Each structure stands twice: as structure tokens, then as C-alpha cells.
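Noted in Swiss-Prot for the protein shown:
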ACT_SITE  Glu329  active site, proton donor
DISULFID  Cys67-Cys111  disulfide bond
DISULFID  Cys283-Cys334  disulfide bond
DISULFID  Cys508-Cys525  disulfide bond
CARBOHYD  Asn120  N-linked glycosylation site
CARBOHYD  Asn164  N-linked glycosylation site
CARBOHYD  Asn301  N-linked glycosylation site
SIGNAL    1-21  signal peptide
Amino acid sequence: MEVLPGLLRLLAALVVAERWARDTSGAESLGLWPLPFAVDISPRSLHLSPNNFFFGHSPTSKAGSSCEILQEAFRRYYDFIFGFYKWHQGSYQLCFGTELQQLQVHVESECDTFPSISSNESYVLHVKGPEALLRANTVWGALRGLETFSQLIYQDSYGTFTVNESEIIDFPRFPHRGILIDTGRHFLSVKTIFKTLDAMAFNKFNVLHWHIVDDQSFPYQSINFGVLSSKGSYSLSHVYTPNDVRMVIEYARIRGIRVMPEFDTPGHSRSWGKGQKDLLTPCYRKQVLSGTFGPINPILNTTYNFLSKFFKEISTVFPDEFIHIGGDEVDFDCWASNSEILQFMQEKGFSQISLNSNLCTVFKISNMISAMKKRPIVWQEAFDGRDKFMPGTVVQVWKIEDYKWEQSLITKAGFPVILSAPWYLDLISYGQDWKNYYEVEPQDFPGSDKERKRVLGGEACLWGEYVDATNLTPRLWPRASAVGERLWSHKDVRDIHDAYSRLTIHRCRMVRRGIAAEPLFTGYCNHEHRM
């Protein structure tokens, strides 16, 4: 990660002094989350007045007042800092002393349009009255710095908004820090997705993995194949219109979050078949049609003609460079029961008919995606140890059994990895299971340093069989926050007791901001008596 020019000496001094991410006394009391790389919080305090504080652009910033992303962020964070107490009749006073009147934001590059896997999210925060300074290479780093700045501010015993003089240098450990939501099993309203994106920004996640369709329903309203949702959705009101999709992408964009769509193939596709004739494989029982259908039919030209047109649409609707094409949990029995598929695969010389049918299908689709100047992501079943995928294909590891060995095999073959196996948040248990997620080390597997660097990051997955809008938010948060810190903070940030103290405060902060995050354990939030 590139660090801002002119700050390398300060960073080196912090590292030599071993102050980075280890002296957490101030961070613990404030609940900074995820913990920044380098934190130096002074006991000297500054006061803020809601009527006399504002965010502004540095005169030399290349992303100025015309940058909509920053202008929107200034409005959001002013409200996060002061708004709750306004609307809940909280009292605040301005005591004598130095007043912090402004946070100036300086961005080294012009206002970007969309974040990407290579976006620089580093920032430096210098808080000293009467003006604080936030410096970042990009607007995406500025957004992360604004979140940290908002976490520094608290109310003292007199109700005065207060911030301690601080120096913070920060950047993420991994570039891919995702949350997976599943709208194929249960439809989630756009409003619910917005709330998830808000919480993601509070925890510095930067990828919404949208598993948008599945066997049970097809809620994505295609521009070119509208019959897919009209026949495959739960109902005509359980669809995401093109405008809905645009709103989700835009809401995510101005928070520095990428939206990565997943359309799982060739399995998990029963809902597709309701609107696309001959797409699915007819299954047989004792050489007689059973009346059921299996995965996408891998031997018909019409299959690939349709998929090519469909994914061409997806590549234009979703601006992100990645498209997830699935490749997991394919019902091989149906393929093996179909004599036409058996004959086709035998003619191709495939010995493992079912496995090779899957690989053949996924390989063709991944080539389609690559031809569209996008990068495919697949689940680990699509990887068989051969370098058959296009360069740049990413493999997502989800099976908990031997997942470290799986990471080793994939990275040794030269492919990047996204880790999800230890972070399936839909698997709930009694107690503080967030600690299990927190203690995961994504690069702890047999391999060279070069191979470990192929880990792009990870995702916390919340599959939707038992999750809808009523329980999505409390099941995600603050359990996903543990994953967020593991993917953002330095690998040596592992003190579970310190994490508990900070996460307890951070959870209350999320609740104060409207996120129904469940409690970690017994206790209360300080803001409750004001409600």
C-alpha cells in the first residue's frame, strides 16, 4: 500500500518506537474500530460546537467542492457526530479552552468515479486546534479517515463535544473486505440493503457481494430477459428493477463500497429455468424422464448463446471489474442420468463426466467474462488444481474442511484467493462467537510469502435460508465487525480483551447511528438514558 508522500519519516518513527497499533490506551477508551495502523492520542483535549464546526476542502486539494462523494460524506458525518443528540434532546455545552472549528480534507488526486480493487484507501489524520487536517491519496482514503475522525469525538461529563489531539496513520491490510448477502432465498428490500451498506462503511468494509439469485427465486429484473424475474421471482413485487440496482450501486459508491454481483452457474439455477426454455438439464430415472431438472445444460449451444447475452448485460449494469459466476454445489447425479450428456462427455474424452461437465461449463463462462474485460470469481469447487482458468480468475474458499490446504493449492497454482470458510455468519451459536472470527489469520497456510500475498482478503457471508429483513442486521453486526478488523488492521492486532472493550463501544456507536447491532454480552450503552 502506497503511503502519502512526505509522511514516510513519521511512519518510520512510529514503527521504530513500536507505537503503531499497539499503544491502544486511547483507542480502547474511544472504541476505535477497526484499529488504525498508527495511533497517538494526546491527553490534551479540544472542544467542538455543532454551530461552529464544519468540514472543508484544503485549498490545494485536487478533489474540491465539486466532488459529490466528499460533499455527501461531510453531510453524513456531521450528522453522525452531532445529529443524535439534537434529535434526542441531548444537551451540549461549549466550555472554555481551545476549540476545534474545522476538519480540512486534502486529497492528492481528483474525485474518482468508482472504487476498485486497486484503490488506495490510506489516510493520515492530524487533529490539533483550531483546524484538523485529513490527508489522503484518494477520496476513498478520505472516506475511511472521516469515519475514524467521527470515532474520535465524544461528549465529556459536561456534555461538551470533545476530541483529543491525535496523530493517526492508517491503511488496510487487504484490498478485498466483503460482506455477502443472499437475496435469492429471502428478498431483502432496497432499504434493508442500504442499512447494510451504512454499517459496512462504519466498519471499513469495501465490497458488497450480492448473491442476487438462487434456486428458490430470481429477483433480478433483466433488461433483456424480463421473463426470468416475471416467472422466477417469488412475486412481481419481489424484484429488483433496473432503477433499484442503480440505487444500490450509487448508495454503495458514495460510501467507497464496490457492488460485486454473483449469478451462480451451472448449479443453483432452478429459478432460471422457469423463464428460459431448455436452459436446465432434464433428469432421468432408469432412463425415463423424471419430470425434474438439474443444473444448466452444458452441451447445448443455445445455453452459451443465452449466457453470453445475459452476462454481457450484467457487465454493463454493474461497473465493478469482477463478476462472480459461482460453480459450487452442482448436482452431478442429474447430469450423470442424462444419456445425451454422457455421450457428449465421452466423445470429449472426459473420464470424470460430472466433474468435467462442471469444469467445462465454468471454463466457458469464465472465458465469456474475461472477453467482456471483466474478471471472473468462482467458488472453490470450480478449481481442480489445473491452471485452466484465465489468468486473473479469483477463487473463493468456502468449505471449512481443510480450508488452509485449499488456500495453499490455489495460491501455488498462481490464482488469487478470497477467504470465507471460517466466516459463515449464518451458522449461529450461543455465546461470543465473534471471538472465533476475530482470531482467524487469513494468511496462515503452507506456502511461500509470494503465495500468501495472493490472498486478496476475505468475506463474511450471511446466507439467506433463515435470514430476511427481520433478523439480517442483528445477525450480521457486530459479529461481522470482528471480520472487518481482521481484514483491515495489522496482523499483530490480536488482543481479544482490548478488542472486546473497543467492540463494545463500537457496537453502541452503531446502535446510536441506527444499526440494530446485537449486544456482545451483558451491559448497556451510554446513550440509552437520552432516548
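Glycine is treated like the rest: Cβ placed from N, Cα and C.
These figures come from a predicted structure and were not determined experimentally.
For Asn120 (N-linked glycosylation site), the nearest neighbour among the disulfide-bonded residues Cys67, Cys334, Cys508, judged by Cα separation, is Cys67. Of the recorded residues, Cys283 (disulfide bond) and Cys525 (disulfide bond) place their C-alpha atoms 56 Å from one another. It is 29 Å from the Cα atom of Asn164 (N-linked glycosylation site) to that of Cys67 (disulfide bond). Other Cβ atoms within 10 Å of the Cβ of Cys508 (disulfide bond), summed over all protein chains shown, number 21. In the shown protein chains, 21 other C-beta atoms lie within 10 A of the C-beta of Cys67 (disulfide bond). Asn301 (N-linked glycosylation site) is 19 Å away from Cys334 (disulfide bond) when you measure Cα to Cα. All chains included, 18 other C-beta atoms sit within 10 angstroms of the C-beta of Cys111 (disulfide bond). Taking CA atoms as the reference points, Cys67 (disulfide bond) and Cys508 (disulfide bond) are 31 Å apart. The separation of the residue listed as 'active site, proton donor' from Cys525 (disulfide bond), Cα to Cα, is 43 Å.
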